[in-house]
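What follows is a short report on a single structure.
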Amino acid sequence: MLDNLALGLETAFQLENVLYCLLGVVLGTAVGVLPGIGPTATIAMLLPITFSLEPIPALIMLAGIYYGAQYGGSTTAILINLPGESSAAVTAIDGHEMARQGRAGPALAAAALGSFFAGTVATVVLAVFAPPLARAALEFGSAEYFSLVVLGLIASIALARGSALKALAMIALGVLLGTVGQDIYTGTPRFTLGARELFGGLDFVSVAVGVFGVAEILRNLENETTRSAFVERVKNLWPSRDDFRRIVGPVVRGTGLGSLLGVLPGGGHVLASFASYSVEKRLSSTPERFGHGAIEGVAAPESANNAAAQTSFIPLLTLGLPAHPVMALMIGAFIVQGITPGPNVINEQPALFWGLIASMWIGNLLLVLLNLPLIGLWVRMLAIPYQWLFPAIVVFAAIGTYSLSFNSFDVYAVAVFGVLGYALIKCGCEPAPLLLGFVLGPLLEEHLRRALIISRGDASVFFTRPISAVLLALAVGALVVSVLPAIRRKREEVFVDDD
Amino acid sequence: MSIINTRAGTVRLLAALAAVSLTVVACGEGDGGPVTGNGGGDGGGDGGDASNYPDQNITVVVPFSAGGPTDTVTRLIAEPMSEELGQQIVVQNVEGAGGTVASGEVANASADGYTVLMHHIGMSTAPALYQDLGFDPLEDFEMIGLVTEVPMTIVARSDFEPETLEDLIDYVTENADTVTLANAGIGAASHLCGLLFQDAIGVTVQEVPYEGTGPALTDLVGGQVDFMCDQTTNTSGQIAAGEVKAYAVTTPERVESLPDLPTTEEAGLPDLQVGVWHGLYVPAGTPEGIVTRLSDALKVALADQGVIDQMAELGTAPVPEEDATPDAHRARLEEQIETWGQIIADAGVEQS
């Protein structure tokens, strides 16, 4: 174990590898900051360049892009309410609210520090527990994933700051939007309106940039055209002592939750930030602050997300199985480098395996050193007069979305969802639960149907498989807590908007 | 950090941001830019002159995600082809609807030889799987040549009872109502191979579709499903590590990287012969001189030792030289459209 870590650190600290790690995390931060241009597109574009590199620096750089983008993604979510991926959508809820109150600095610092802590812990988890965790994660079949998603959806009613009924309606709408596209079991196109571009479903970035970013701009323009700057007064750049006290617990819990969920190859990582936000809101003695700029609501999901990003390498590195599209690209990178991804990588390429893990910690250190000084710079951006800022945001959003698949259809989709998002704001409905439904809905359907296909239609699998049964029992518990009349009175005080 | 204290500083910041984004986009834009249309020209015009072809970058459109087997094969041959042609080749991934989005785009692109499509066996199954395809594989393209034929392997979870392919056939026949057969989605190579397997043994089993090979293989390794048939590019790592049990490879000859694995013919199922063949296409109406030029460059690339070695790593090999021609490619496509049309119709797969 110690020998392995020593080998890893020795490999990762070679000058060439450190440089490629730095290059990766800088690129990752840059693309994370730009909405739409996500890590998948960047890694896909850079893949051919890495052909000429040695395998270790190539993979270190590609991994750096991925977790670097997780850092950068929170920046635009906090500053201009433009989440580039599902995890950042949660950060935007309280993070952007903090920015509006002139507290973008502490929000960004909490995100960066939380991510660093999470990255460090997750690196250790990877080094110590990777093989047994990967084995355990394989116990998760479709029945377990279905129950996990049910639990996630029920727990996440906490995402709402206003009416719980409207939040449920938004989740349902999101689930419906998630059904657009070709049904994976029969190939039947659903709600595609005859457009072949919709066969693969709506893209998360189009929906998120529309309902969050563009809708936010429309709302700002409605009543604040005369305002010269986005934020009049920037309070402090650094979290106060009180802020630090508040975020310790959320960061630790977020890291733990994220590390566990990230290991699940069937999509656990998407749940991490939503789940940790819900947990913190439930545990908080002042849940009414959530949605109005609670720093815990930034620190927890950011930590969870970064931890999950890192532990999602576990199935890839130990079993050669990709947990999501970025990991599938990494498999391509392995193959191009002449390494057959699979369980033998640890034994056949120990320098690569341990070096990659050690480089993640170095990368996280580089990221925090890179990001903390940038906070001042980012916050200054909010001082730009809004009439200059908003066209720039729209242009960046359009460029980023276009770069997803070089398809103008995605840009039109942003416009449509921008209008929809604006209409929803006018009705007092919030976009976060909609995005949650959009992300989790397809998972819910996929796993429900697959579990039933495998069991030949026998629904008892959800109760007879122990992990699934426990998860469903927890879901029922969460539901009871939210609907019991006695608790209901208290709940109303807690949830109703008290603007 | 002094620049941030001035207003000019913020402007500079924005400019820097714009520069970063434009660079990133420029990379993408460089990757081919808009596929369709060539600035209004009818395409046949100045591009029709084969004598000075190529005088600009050539875009090869890949209908699947970067890093996947088809993408990898494309990038492998793109380098030597580009050297031979004296122009850069940029690979662009246009995903969606089983590759039909990319095919439709290339079918409508200018017939000037600057937009090329790499597609696999899916080109021959598209007419049977999709209605309103919007293009005709045989009418709307000129074929350049076949590239490679990736072998497939029949694999099962490691604790699955049958030990040999014959055992598997018996077991599946006896337990047809409990066995599960995974695939990577409707129209995926693994789906086609699964259909062929059921057709060859005359038994229908429960198919379990996944969204891509990754999740399907994950559940196979985890023992959630019983067996599947997928490309060596995806399965050889798991086979070598003993995480899955392998029964046979679906090509006439054994695969170099898996020397102990018998062919389907050796193992007693000669009717199951399938390879994921890849070919290059340009839009119909591309001048013959250009098609010949591309086809010749393809032959040079396939003879390149680096390409041969790297394909061997992937468990495949370039096609023989006589197959890297328009005629051989067209003949294969015609034959495959017929074959798969029949199998897919027999299996009762709905058109979408």
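Cβ atoms here come from the backbone N, Cα and C positions, even for glycine.
No curator has checked TrEMBL annotations; they are predicted automatically.
Since the structure is predicted, the reported quantities are computational estimates derived from the model, not experimental observations.
The feature transmembrane segment is assigned by TrEMBL to A:18-37 (among others). The list of residues near the transmembrane segment (A:18-37) in space but at least 6 beyond its ends in sequence, with Cβ under 8 angstroms from a Cβ of it, reads 12, 46, 53, 57-58, 60-76, 82-84, 205, 209, 213, 359, 362-363, 366-367, 370-371, 396-397, 399-404.
Taken from TrEMBL, the feature domain 'DUF112' applies to A:19-436.
Annotated transmembrane segment per TrEMBL: A:107-130 (among others), in sequence order.
Annotated transmembrane segment per TrEMBL: A:142-160 (among others), in sequence order.
According to TrEMBL, the feature transmembrane segment maps to A:167-186 (among others).
Under the heading transmembrane segment, TrEMBL lists A:198-218 (among others).
Non-local neighbours of the transmembrane segment (A:313-339) in the same chain are 39-40, 43-44, 47, 50-51, 55, 58-59, 62-63, 66, 126, 130-131, 133-134, 137-138, 262-269, 345-346, 348-349, 352-353, 356-357, 360; each lies 6+ residues outside the stretch with a CB under 8 Å from one of its CB atoms. Look at TrEMBL and you will find A:313-339 (among others) tagged as transmembrane segment.
The transmembrane segment annotation in TrEMBL covers A:351-379 (among others).
Annotated transmembrane segment per TrEMBL: A:386-405 (among others), in sequence order.
Here TrEMBL flags A:462-487 (among others) as transmembrane segment.
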Tertiary contacts of the transmembrane segment (A:107-130), defined by C-beta under 8 angstroms and 6+ residue spacing from its ends, are 1, 4-5, 8, 67, 70-71, 74-75, 78-79, 91, 94-95, 98-99, 237-239, 243, 247, 250-252, 254-255, 258-259, 262, 295, 298-300, 302-308, 310-311, 313-314, 317-318, 354, 357-358, 360-361, 363-365, 367-368, 371-372, 375, 378-379
Averaging pLDDT over all residues of the domain 'DUF112' (A:19-436) gives 84
